[in-house]
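Noted in Swiss-Prot for the protein shown:
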{"type": "DISULFID", "residues": "Cys22-Cys96", "note": "disulfide bond"}
{"type": "DOMAIN", "residues": "1-116", "note": "domain 'Ig-like'"}
{"type": "CARBOHYD", "residues": "Asn55", "note": "N-linked glycosylation site"}
Amino acid sequence: EVQLQQSGPELVKPGASVKMSCKASGYTFTDYYMKWVKQSHGKSLEWIGDINPNNGGTSYNQKFKGKATLTVDKSSSTAYMQLNSLTSEDSAVYYCARDYDWYFDVWGAGTTVTVSS
């Protein structure tokens, strides 16, 4: 069974950073790009960026450049996203999703990030 297992919820203070994970199983990790998506309360999904697990190449939504950093660890079939300089606007659910030619065919359950002092 193809699965993406995301790390648990995070409660962080303004100005801090957070790094979440997305562990893939049931398929060859390097064969598919990994996308990251933000779901803010009451708002539509926003594409953050994607990463090619084969070579680590990344592409970012301009809005999230400098905010998000995407990396992978091929040895553990895990993708990571670090968010920096957090503010209340970054409070959201963040999803990883496997990309099949811009069709997101497998999704993680999401990681909830709450930014609060």
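Each Cβ is built from the backbone N, Cα and C atoms, and glycine gets one as well.
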| request: Would you please pick out, from the recorded positions Cys22, Asn55, Cys96, the one with the fewest other Cβ atoms within 10 Å of its Cβ? | output: Asn55
| remark: Cys22 (disulfide bond) and Asn55 (N-linked glycosylation site), compared by Cα position, are separated in whole Å by 17
| field | DSSP residue counts for the domain 'Ig-like' (1-116), split into helix, strand and coil | value | 12 helix, 63 strand, 41 coil
